[in-house]
Amino acid sequence: MKTWAVLSSLALLASSVSARTVFSSLTVNGVDLGQGVAVRVPSSNAPVTDIESDDIICNTGFIQPVSKTVAAVPAGGTVIAHFHHTSAGYVGPDPSDPLDPTNKGPVLAYLAKVPDATQSDVTGLKWFKIWQDGYTPATRQWGSDKLFINGGNATFTIPSCLQAGQYLLRVESISLLNAEQYPGAQFFLSCGQINITGGNKVQPVGVDFPGAYTSTDPGIVTDIYEVGTYTPPGPAVFSC
């Protein structure tokens, strides 16, 4: 019998609620930009669950006014996306900050080139994946486990060969706690606003949101208590 098979629906609901998390700030090459700066922060830490909704692009219901800052990031630079339990960022001791450790799933980062990173319309963009942290069978550790251990810091490098210009940076933590069927997976995501400087002229092929994820994708519909190997949803990670 599965260890968790006896959990009540109430307990599952409680875990689902406490697993909530929000990407709400950025650090670029060691410089913390501050809470809500250059990030479209949703006012709620509730997840997106409908992968066919436009909410799967950058979320919805943003704290107003939305930041007009576009963060300068050199190609090849290091970015940290900071997650916390609430939209306000770190607000003091909280056993569920940055997310409840019962949350299990991958953490991923995408970019989409845009004319203006502050534009309100985010539909029709082409997204390419630049980083992911999925599941390590040898240690039975998920990307979300590392996110918790690292205090909500998802750290990755901007590819050095990318064409300079403005981009939206989509970072998400996916909870697979109740993902044995669709809908079940929960998507916690926001979009940062960056301007990549330097670099080269590479424009990677992108995918659509909605569209990149499907209701039958084993990266979205899975049993975390019986997982052997795991491939996160979406395209392969781009590399120069």
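Glycine is treated like the rest: Cβ placed from N, Cα and C.
All protein chains considered, the CB of PHE62 ((1,4-beta-D-glucosyl)n binding site) has 20 other CB atoms within 10 Å. As annotated by Swiss-Prot, (1,4-beta-D-glucosyl)n binding site applies to ASP32, PHE62, SER67, ASN153, with the evidence given as a curator's inference.
Sequence-distant neighbours of CYS58 (disulfide bond) (same chain, six or more apart, CB under 8 Å from its CB) are ARG40, VAL122, LEU168, ARG170, LEU189, SER190, CYS191, listed in sequence order. Under the heading disulfide bond, Swiss-Prot lists CYS58-CYS191.
What Swiss-Prot lists as N-linked glycosylation site is ASN153 (among others). The Cβ of ASN153 ((1,4-beta-D-glucosyl)n binding site) has 14 other Cβ atoms within 10 Å, all protein chains considered.
Swiss-Prot lists ASN195 (among others) with the feature N-linked glycosylation site, giving sequence analysis as the kind of evidence. For the recorded site, ASN195 (N-linked glycosylation site), the DSSP three-state label reads strand. Counting only residues at least six positions away in the same chain, the Cβ atoms of VAL70, ALA71, ALA72, VAL73, ALA117, GLY165, GLN166, TYR167 sit under 8 Å from the Cβ of ASN195 (N-linked glycosylation site).
According to Swiss-Prot, the signal peptide annotation covers 1-19, on the basis of sequence analysis.
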Secondary structure of CYS58 (disulfide bond) (DSSP, helix/strand/coil): helix
Cα-Cα distance maximum in Å, computed over every pair in ASP32, PHE62, SER67, ASN153 that the record assigns to (1,4-beta-D-glucosyl)n: 21
